[in-house]
Ligand code: NAI
């Protein structure tokens, strides 16, 4: 067994938290030989519910769970952590404008970014799941000036996994037969699920699906899957979101498969003409705990227009929260 690592999860008493914590504790995220100490952050009124979750975690007697810290203090929650999954966020209430939503989330992610800056390990890997995930990640990053900006990422992996599953279902392939799918941009309905470089059983995906299905069914289905799940379940996706968060962190920490890539919301460095300084979904490979953008992919006009539209939305979101950035 390795030395334990510390993993912070915010919103730990919520729906995604309940689907996530047991899998992290069981070793699904970092492997069966990597013990973890969970640091769980909640708002004060949710602490009693969180205590119930802690009791259940303990009752599992997981071999890889070496401790649990439950707190409502971000400075305690992020102390010495190696990983932080920021799940807790303010949902959009009735009549709430996007501006109000960004503002309410700024009040959560600015102080959390500062607490991570002040207390986490310098090599911390942060994944923002709470929506609007890309811009919340930008707020946290912008309040952590002492950390490498690349410590902060946002989750588009659920969209990536949804795209794989839709392609597999359509073509009768297995999920493992699908490679090199990309989610560009924002985790919102402007995201662009791109299969121009994807393969199914080693052959180009676009030769195995028709363009009308790709444009008219596949893209909107992936873009609007979150809303479809809310409609069907009466609650937003939780287990699949938790599973995607585990996939994102596992690949970032332990690497991606040879010949494939994953989609991650990461700080743009200007690659593919995207404005630097937004957190944008890119195709990434990971090795030795670092991600790299897959370079040199041909971008046709169809893709360019969609990549630019989702970038525009992210620039607008950024303009709405810039006053929250640390000076
Ligand atoms: P939930 O409402 O069940 O749980 C959220 C939890 O966060 C609550 O227990 C709440 O008390 C806690 N919380 C609120 N403010 C907090 C703070 N300042 N510090 C710590 N905890 C805080 O929501 P659920 O279903 O677990 O979803 C969480 C977030 O994940 C939502 O923003 C949702 O939109 C987002 N989401 C993102 C996805 C993605 O693909 N990026 C997919 C699905 C959901």
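Yeah, the Cβs are placed from backbone N, Cα and C, and that goes for glycine too.
Annotated in TrEMBL:
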type	residues	note
ACT_SITE	187	active site, proton acceptor
BINDING	11, 12, 13, 14, 15, 16, 17, 105, 112, 129, 130, 131	NAD(+) binding site
BINDING	92, 98, 131, 162	substrate binding site
DOMAIN	5-145	domain 'Lactate/malate dehydrogenase N-terminal'
DOMAIN	157-319	domain 'Lactate/malate dehydrogenase C-terminal'
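The structure, with features from TrEMBL marked on it.
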| residue | record | Cβ within 10 Å |
| --- | --- | --- |
| 11 | NAD(+) binding site | 23 |
| 13 | NAD(+) binding site | 24 |
| 15 | NAD(+) binding site | 16 |
| 17 | NAD(+) binding site | 26 |
| 92 | substrate binding site | 15 |
| 98 | substrate binding site | 15 |
| 112 | NAD(+) binding site | 27 |
| 130 | NAD(+) binding site | 25 |
| 131 | substrate binding site | 20 |
| 162 | substrate binding site | 22 |
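Counting in whole angstrom, residue 130 (NAD(+) binding site) lies 10 from the residue listed as 'active site, proton acceptor' by their C-alpha atoms.
The two recorded residues residue 98 (substrate binding site) and the residue listed as 'active site, proton acceptor' have their Cα atoms spaced 14 Å from each other. Within the model, the domain 'Lactate/malate dehydrogenase C-terminal' (157-319) carries an average pLDDT of 97. According to DSSP, residue 130 (NAD(+) binding site) is assigned to coil rather than to any helix or strand. With DSSP classes pooled into helix, strand and coil, the tally for the domain 'Lactate/malate dehydrogenase N-terminal' (5-145) is 63 helix, 27 strand, 51 coil. Ligand 1 lies under 6 Å from the Cβ of 131, out of the binding-site residues 92, 98, 112, 131.
When the binding-site residues 15, 17, 92, 112, 162 are screened for a Cα within 10 A of the Cα of residue 187 (active site, proton acceptor), none qualifies. If you draw a 10 Å sphere around the CB of residue 187 (active site, proton acceptor), it holds 28 other CB atoms from the protein chains shown. Per Cα geometry, 131 is the residue among the binding-site residues 92, 131, 162 nearest to residue 112 (NAD(+) binding site).
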